[in-house]
Structures are given as C-alpha cells and as structure tokens.
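**Q** Have a look at this one before I ask anything.
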C-alpha cells in the first residue's frame with residue numbers, strides 16, 4: 001500500500017517524507033553550483049568581467065553560495081531518522097543558511113531603490129548589506145541553537161524546532177523564522193512596486209539619471225551637467241531616458257519577490273499549521289510532505305532566476321561578440337540616441353519613430369556651400385525644410401580674392417573636425433558615466 005494512503009503516519013511514512021525532501025533539494029543545489037561555475041568562467045574573460053562588476057550581481061552570488069550551503073544542510077538533515085548531534089546541528093545550519101540566502105536576495109531589491117530613486121551609492125551601501133544580513137543570521141539562529149531549541153521532533157519525525165510545548169515552539173518559530181521570511185518578501189514587494197512606479201516617465205520621484213542635468217551621487221558628492229542636456233526640460237528628458245533604460249532590469253528583478261511569495265507564503269502557513277495542529281491523520285502528513293518539498297525546491301527556483309540575471313546575459317553577449325550598447329534598452333524596444341545636432345540648439349523639429357512607437361525629436365541645421373569660379377563661397381542655410389539665402393553673398397562673389405574662399409573652406413573643415421572631437425569626447429564621457437553608475441546597481 002502506498003504510504004500516503006494510510007490514515008495514521010508511521011515511521012516508514014516519515015522516512016518516505018524525508019527522502020522526498022532530500023531528492024527535491026538535490027537538483028536545485030546542483031543547478032546553483034553550475035550557475036556559479038558559469039559565472040566564474042564568464043568572469044575570467046576580460047570582456048565579460050566588466051558587466052559582472054555590479055553590487056546587485058555580487059549580492060546574487062552571495063545568495064547562491066548560501067543557497068548551495070542550505071541545500072546541502074537540508075539534504076543531510078532530511079535524511080536523519082532520529083535524534084543526534086548531526087540532526088541538531090543540521091536544523092541550525094538549515095535555518096542559518098536560509099536566513100542569509102533570503103536576505104541577500106532582499107538586499108538586491110533594496111539596493112535598486114536606494115540607487116535609482118534615492119541616489120545613494122550602491123558600493124558604499126554594500127558593506128551594510130553584508131553586515132546587516134550577518135547580524136540577522138546570528139541573532140535569529142544562534143540563541144535558539146544555544147538554548148537547545150533545535151533537534152529531532154518526535155511528533156513530526158523531522159529535525160527542526162523540538163520544544164515539546166507547542167505554544168513555546170510556535171513562539172520560537174514565528175520569532176526566529178516565519179515572521180522574518182514574511183518580512184523579507186514584503187520588503188521585496190514594496191521596493192519593486194515603488195521602483196515600477198518611479199520608472200514611469202513623469203512620476204514625481206523619477207529615477208536618478210546616470211549622467212546629464214541634475215545627476216547627483218551620494219557618497220561621491222559628484223554633480224555632472226553636460227552640454228547634451230543644454231536644451232529645455234533636460235532633467236525630465238534624462239529621467240525618462242533612465243526610466244526606459246532600466247525598466248527591463250526592474251521587471252526581471254521583480255521576479256525575485258514573486259518567487260519569494262510562491263515559496264515563502266505556503267511554507268510559512270504550513271509551518272505554523274504543523275505546530276498548531278498535531279500530525280495525526282493522512283491530511284496532516286500530506287501537508288508535511290508538501291512543506292518539505294517546497295523547502296527543497298527553493299534552490300531550484302532561485303537557480304533558474306539566476307540564469308536570467310541581466311548582468312550575466314549581457315556579459316555572455318559581449319563575449320559572443322553581440323552588441324550590448326548601454327544606450328539601447330533591449331527589453332522595451334526603445335532606443336535612446338545621444339547624437340548632438342547644431343551644437344545643442346533647438347531648430348525646427350522633424351520626428352522619427354522608435355521601435356517602441358514613441359516619437360524621437362531631431363533638430364537639424366544644415367549648411368550648403370556653393371563654390372564660384374574664383375573659389376569664393378556662398379552659404380545657404382536649410383532649417384527644418386525651409387531654405388533661406390543671402391543674395392548679397394552671390395552679388396559680389398567675382399570681386400573677392402581667391403584666397404578668401406580657400407581660407408573659409410579650411411576654417412569650415414577645422415570647425416567640423418572640432419565639433420566631431422567634441423561629440424567623441426562627450427560620448428566617451430557618457431560611457432564612463434554609465435559604467436560608473438551601473439556598477440552601483
């Protein structure tokens with residue numbers, strides 16, 4: 001008879017449940033390890049390494065490391081069939097590593113809001129993420145371990161909180177695990193939702209611009225204003241650029257709180273249910289099995305999300321030779337142009353349409369040079385499709401010396417070269433600003 005069809009759980013049933021928890025943990029743990037191996041191989045390449053030098057990516061690596069440790073601890077603990085030092089330490093190790101894995105993921109969402117909205121330095125905050133998570137891991141798990149709250153629970157047949165008093169066991173469970181798992185998921189949802197609102201163009205608290213007018217980075221006290229944003233409404237335009245640029249990243253990061261909801265919500269409910277309601281029938285046993293499987297599948301879900309990390313994908317594309325321009329969002333279909341026309345001055349507007357359907361205003365001023373027989377020049381200016389010509393330029397062209405046209409022609413070439421150099425320098429500075437800004441994310 002199938003163990004799950006018996007009305008009263010037996011020792012064989014508990015062993016069966018433990019084996020299910022063990023087997024459900026192995027795939028995710030192995031996949032997390034493979035993801036870290038791929039990350040390491042990518043980091044060995046010079047082209048790919050620069051895309052991985054980000055705060056959020058390092059936090060993800062920390063989380064994956066503790067997910068691997070959690071998977072190993074959970075597998076070993078689930079295989080225990082009775083009390084012992086390995087069972088006691090295993091229960092502590094499961095909760096300890098789980099705390100780190102959860103809150104390092106939470107720090108990713110916190111960091112994005114602090115950098116993109118509140119304009120704090122992610123690299124400066126990174127040490128506080130590590131310190132805060134470490135303090136939480138120690139405070140939440142060392143006291144119950146020192147007070148002998150972990151061990152083999154006879155009623156459920158698992159290595160977990162072992163206090164025979166169900167009321168005290170519930171207090172320890174909520175105070176050191178369930179509440180903090182729910183709190184982490186709530187913080188992730190709150191941060192992600194706020195970022196999604198802030199990424200909407202025109203929102204009151206718009207995203208910080210990586211460069212351009214009004215850009216301020218806390219921690220470095222650097223304020224930069226470039227000639228590109230010399231037109232009117234430049235600050236709003238820069239914020240809209242950044243909103244489009246990082247909207248895809250925000251959407252992908254939003255998968256982490258969704259994963260937390262899918263995993264944490266049922267496990268919290270099942271944990272509390274198993275403490276409040278004694279395990280005496282087939283339904284209770286089935287819920288225990290589901291709880292163990294969900295704990296085991298946690299590593300698999302986060303490993304899959306780690307494979308789709310934006311930094312890792314861009315690094316792989318860079319290594320494979322595919323373009324990874326920072327001025328193209330790639331996720332929303334919008335392309336942001338940073339070309340300058342007519343020295344930043346606004347002329348008659350003509351518009352083209354981006355892939356996303358939004359208009360892109362382009363201001364163009366063209367100068368047409370006409371050569372006469374004696375090398376003198378006449379200048380014809382075309383603005384927004386309207387042509388204007390200075391007739392006096394042509395009336396006396398035959399009376400000007402030939403050298404005048406040559407000098408003007410050379411001056412025009414030098415002016416064009418100078419303008420091209422300014423554009424090249426601006427683009428280089430813009431790229432440097434983008435790299436510095438994106439490393440904070």
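Heads up, the Cβ atoms here are built off N, Cα and C, so glycines get one too.
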**Q** What range among 285-307, 308-330, 331-353 does TrEMBL describe as transmembrane segment?
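**A** Of 285-307, 308-330, 331-353, TrEMBL gives transmembrane segment for 285-307.
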**Q** Identify the transmembrane segment range according to TrEMBL, selecting from 253-273, 358-378, 379-399, 400-420.
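**A** Checked against TrEMBL: transmembrane segment maps to 253-273.
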**Q** Among 20-39, 200-219, indicate the range for which TrEMBL gives the feature transmembrane segment.
**A** 20-39
**Q** With CB pairs under 8 Å as the measure, which of the listed stretches 20-39, 128-147, 170-190 comes out on top against the transmembrane segment (91-116)?
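**A** Per the Cβ under 8 Å count, 128-147.
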**Q** Quick one: do the transmembrane segment (20-39) and the transmembrane segment (170-190) have at least 3 Cβ pairs under 8 Å, skipping pairs fewer than 6 apart in sequence?
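**A** These two segments do not touch.
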**Q** Give the one range among 170-190, 253-273, 285-307 whose Cβ atoms make the most pairs under 8 Å with those of the transmembrane segment (59-79).
**A** 285-307
